[in-house]
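S.K.: What follows is a single structure, and I will ask about it in a moment.
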Amino acid sequence: MRSTEVTSDIRRAIASGRFTPGEKLNELALAKQLEVSRNTLRESFATLCAQGLLERIPNRGVFIASPTLEEARDFYTARAHVETAALMWGEHLDVAELEGYVSQAERCLRIGDDFGVATESQNFHRAVVRASGSEQLDEAMDEILAKMRLSIIVISKTKVDEFQAPYVSKYRRIVDLLEKGDRAAAAELLRDTLIRTRDCLDESYTSDFQLRA
């Protein structure tokens, strides 16, 4: 397996919520699990450190990053621009796919599966960007969503139910607008949702995740 593939696998694992901010990675165990050499794994670590997903501390090891409030706000700003454009003009928009993710998020919300809601939310937003048909944007979105999952974990230490619940209903409204053919209104609602979330992060964010040796 090439280091680029390993990098993608680890990034997806972070995006899935497998790791928590500040968690130390066991290099030997991870190399064995991924069936790669430690040199290959270290190459991937270097890439992920450069992307801001990992942090290497001399004489201590490699840790999962803990996004700051400022970084989390920037993630939402970037997404507001990229996702709004993709939803408005993307030539590969699959409304049925989006509806499926919303239905799954609603089911997860009913049974109290907060991380399930977060996962389906990520699937929804990833599908929006995929509508652009750009592999470069897809890759950039994978990186952003991995960082966003770490931010969601930080937020979930305070009030995850309040943070997640309102957005599922907004996703449903976006899909309803798309099914009516009103992409402009759907894009505006998506942008408004992302910007409002960004501006409310101060109330939800906590900084109590520390690097754990």
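Cβ atoms are placed via backbone N, Cα and C, with glycine included.
Bear in mind that TrEMBL entries carry predicted annotations, made automatically and left uncurated.
So TrEMBL lists the following for this protein:
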{"type": "DOMAIN", "residues": "1-67", "note": "domain 'HTH gntR-type'"}
S.K.: If I take every residue in the domain 'HTH gntR-type' (1-67) and average their pLDDT values, what number comes out?
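M.R.: Reported value for the domain 'HTH gntR-type' (1-67) is a mean pLDDT of 89.
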S.K.: Summarise the domain 'HTH gntR-type' (1-67) as counts of helix, strand and coil residues per DSSP.
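M.R.: So the counts come to 34 helix, 9 strand, 24 coil.
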